Amino acid sequence: MNIQDPSISKSQATLPKVTIYTDGACSGNPGPGGWGALLQFHGASVELYPNALKNWYNKKKLNMLDICENSTKFRDSLPLKQKSIFGHELYTTNNQMEMTAVIEALKVLKKSCYVEVYTDSKYLQLGITQWINTWIKNNWHKNNNDPVKNVDLWKKLYEELSKHYIIWNWVKGHNNNKGNEVADRLAVQGKETAIKILKCHS
């Protein structure tokens with residue numbers, strides 16, 4: 001879709017802003033695990049400049065779009081609403097829970113958004129920003145021809161990515177980042193739920 005197309009409304013050219021903090025937890029690896037996410041919905045939105053918006057509309061299938069200096073105009077505000085979600089799996093890995101947290105958080109969004117994701121997982125952050133295009137080119141194999149692990153989750157995540165304009169940020173875990181700490185507590189809550197279920201059935 002071309003930004004010069006008069007059919008593009010002002011509302012289409014402005015994306016609502018959402019900040020997402022995610023985390024995963026696992027007792028043993030593999031073992032019972034949980035995931036958690038904190039979504040912050042901002043009253044302000046991000047207005048994409050014409051070239052950036054045109055690029056986004058024309059390249060929906062890209063997994064990540066870098067926003068360069070002066071390519072966006074921010075109208076900052078405190079989040080008007082927050083939403084916490086979490087879940088569990090009885091037998092999983094930490095990486096799988098990290099990925100599930102982001103997938104489930106993005107599923108909450110019912111329309112295209114400007115999203116800033118914060119994760120303490122290098123596996124997730126590097127996988128989605130550096131490795132995934134090569135994996136897809138190689139039919140979900142690494143350069144050494146080994147199959148990509150967790151390919152089902154990578155495919156689900158890739159499908160969600162095409163719907164939004166996403167920036168990926170890595171944050172150090174347990175380092176006084178409030179959003180990350182909330183996501184961590186939610187993930188632990190999910191993990192503890194899985195442990196309790198297993199104990200009840202043992």
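Cβ atoms are placed via backbone N, Cα and C, with glycine included.
Take the Mg(2+) 1 site that TrEMBL assigns to Asp23, Asp120: the candidate from Glu89, Glu98 listed for it is Glu98.
Across the domain 'RNase H type-1' (14-192), mean pLDDT in this model comes to 85. Reported as a whole number, the C-alpha separation between Glu98 (Mg(2+) 1 binding site) and Asp184 (Mg(2+) 2 binding site) equals 10 Å. Scoring each of the binding-site residues (Asp23, Glu98, Asp120, Asp184) by how many neighbouring Cβ atoms lie within 10 Å, the top position goes to Asp23. Asp23 (Mg(2+) 1 binding site) sits 5 Å from Asp184 (Mg(2+) 2 binding site), taking the Cα positions as reference.
Recorded residues Asp120 (Mg(2+) 1 binding site) and Asp184 (Mg(2+) 2 binding site) have their alpha carbons 10 Å apart, per Cα-Cα distance. Within 8 Å of the Cβ centroid of the Mg(2+) 1 site, not counting the listed residues Asp23, Glu98, Asp120, the chain contributes Thr22, Gly24, Met97, Ala101, Thr119, Ser121, Leu124, Gly173, Asn180, Ala183, Asp184, Ala187.
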